[in-house]
Structure formats: structure tokens, C-alpha cells
């Protein structure tokens, strides 16, 4: 080879050799959680996770809300008062109630057991929850983030390898990560946790559990946490308090007029037969529940363009207006239309709230924040149902106007949240 050509090729060979060394060095070093996730890629594993989590979310909705479709029929069978029904937790499983509860052919009598169709509906509503538990237990791996925090490197690495294999089915090489960066615990903290009496150990563990919650209300996070607490309370009280009573309100509006003007009809219904069950109320509930779909599509299309803050505020104000109109309408058709509007708009609020709850907190505090806000939401939902149950017969206007006012307050409070559009997550 001429000397000039040899000199020209030497830098190229040297550069290639350096690149190969860099690749080998990167494959030998341990990676952080974020780096390992990036190496695992995106693909089939995440689509499967999306399906499983979606089914689990549906099971949660069924578990919490199914009783709302039972109220009109169970009220008659079990001789429930409105106050009694207000103590029930409820859920709507789209068309299942409409298909099952009105079917008198599904009733059965076995001596002391009177198995009505609404009881079969309760059994069917338990299927999503049970199947979700089995799917997660048998097929889904533990979170690698949790495993790394628990210093279980081998198990976390196995999960990443599984993710890489599913996401890169055509890859010829295995997952190119030999190890993961595991944060070491401070020896002093470890000693305090492992030494001392059981009472001291319990106090230490309790302090560790409460510390992330305390951080939510310190410094710049304090104001946004207070605002989100207000929003979660308002939307949970209003949404669950009203949504769970829709089938009962539809039943009261069967003969026309506003649901709040037919109290006497409910009071005189004790002499009516429980069966056959009228199917109209379940069809109307199905249509109202199906109105969630346009709201979900709207959220997908506009979340990144508008931002969660504006979307949350506008949707809560729109939900407030729709509830107020439900109170003032005079016909059954108008009530159904405004109920569908409330259903479609309020789901936008929930979707925006889920996004904001993730974007407004650093990774290590998101789970704690979600737990605190969900707890407040549950308390508000219980209060909403109790209030409806106590007042829906005596003064139906009070709970409806209260829901409208709380949703409006939540929408205005959302304006105090920081903007997260096009901001980098921490």
C-alpha cells in the first residue's frame, strides 16, 4: 500500500476502533432506571400493558359504580329509602345492566334464596376485578422501578430483559445491559431502622411513609397541592354524587317533567309491583355512559395543543353549567340530553386531572400525591352520595345546585395551577 493511502486509512481505523471500544464500555457499565427503560425500547410490551391496565381501570369503575343501575330495582326488592340508597357505592358498566336487570327470565327461586336478575348483574360486575387480579398476578411483572428502589437488582434486570425481548422481537442480540445502578442506603438510616424496639422500628417506618406526604405541602409544591385537593374534592363530590343517581333520576322522570318535580310519584310507588322492570331507564343510562366516548376522543386530540390546565378549568365550568341546566329543564328528553352533555364534559375533567397530577410532581412524589388526592376524592364521593340520599326526596334542588357550585369552584381553582404545557417532566 502506498504510504499516502496508508496514512489516510489509519485515522479511519483508529476512529472505528475507538467507537467499538465505546460501545463495549457502554455495554459493560451499569445503567440508571431511565437509561435502562430507553434501552428496552417501546413496543409490544407497552401495548399489552396498556390493554391490561385499561381492563383494570374498567374493573375499578365497575366495582365502584355498578350499584347505580341497581338502585331503581333493588330499591323495590329490598324496600330501600332514598337515604339507604345514598349509602351505597355505585358504578355503571355501560350496557350490562340494560341487558341483564330487566330480564325476568333470569330470576330463580331456591327455597329461602330469591335470586333476581339484579343479583346476577352484581355477580357479572365482579368478573372484571377478579380477572384483572389474575392477569396481573400470573402474567405481568413487578415494576422495575420498585425493584430497584428495593435493591433487587437481579429481578429488575430480568424485567428489563423481558421488556426488551417483547419490544425487539427481531433483535439478534440480548438486552445490552449487564447491571443497574442501585442507590445505596445510608448506614445510619439503616441502623436506625433495624435497631431498637419494635415500637421504634414502627415509628421509623411510619415516618418514612409520611415524609413524602409532608413534602407535598412544603415549598413550591404547597400551593399546587392545596389547589388539587380542592379540585379533587369538588369533582368527586359532584361527579359521583350526581352520576350514581342518574338511573334513579331517570326513573323519576319516566312520566315526563323534571326529576326533582316527581317526588310524589316515588313516595306512591310502594304499592307498585317490582317486576317486570321497565327497560327505558337502563337504555337511558347506557346512552349517558356512552357519552363518555366523545369526551375521551376530544381529550386525546386537544390535550397537547391546549394544555391540561385550560382543559381542566373549561371542562369543570362546562360541567357546572350542564348540572344547573339539568335542574331547570322541564322534560325528560331535555334531562337526558343535558345528562349526556355532563357525562361527555366531565370525563374531560378527569382526564386532564390525571395528566396534571402526573406533570406537577417529581417522579418520587407522584405515587404519594395520587394516594392523598384519591383518598380525599373517596371521602368527597361518600359525602356526595349521603347528601343526595338525604335530600333528593325532601329538596332535590339543594344537592343539584350544590354540585353545580362545587364544579364551578373547582374550575376557577384550576386557574391557580401552573402551566405544564411543553414543560419537561422531573
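Keep in mind that glycine also has a Cβ here, set from the backbone N, Cα and C atoms.
Summarising the annotation, TrEMBL assigns domain 'Major facilitator superfamily (MFS) profile' to 1-422. Residues or ranges marked as region 'Disordered' in TrEMBL: 1-26. Marked as transmembrane segment by TrEMBL: 83-101, 121-139, 226-246, 310-329, 335-357, 369-391, 397-415.
The stretches the transmembrane segment (397-415) and the transmembrane segment (226-246) are in mutual contact, each linked to the other by at least three Cβ pairs under 8 Å (pairs 6 or more apart in sequence). Restricting the average to the domain 'Major facilitator superfamily (MFS) profile' (1-422) gives a pLDDT of 75. Count of Cβ pairs under 8 Å against the transmembrane segment (226-246): among 310-329, 335-357, 369-391, the largest is for 369-391. Through the fold, the transmembrane segment (335-357) approaches residues 228, 231-232, 235, 239, 242-243, 246, 249-250, 253, 258-259, 284, 287-289, 291-296, 298-299, 303, 308-309, 311-312, 315-316, 318-319, 322-323, 325-326, 329, 366, 369-370, 373, 410, 417, 420 of its own chain, all at least 6 residues removed from its boundaries and within a Cβ separation under 8 Å. Proximity of distant same-chain residues to the transmembrane segment (310-329), defined by a Cβ-Cβ separation under 8 Å and at least 6 residues beyond the stretch ends, is recorded for 231, 234-235, 238-239, 242, 258-260, 299, 302-303, 335, 338-339, 341-342, 345-346, 348-349, 352-353, 356, 397, 400-401, 403-405, 407-408, 410-412, 414-415, 417.
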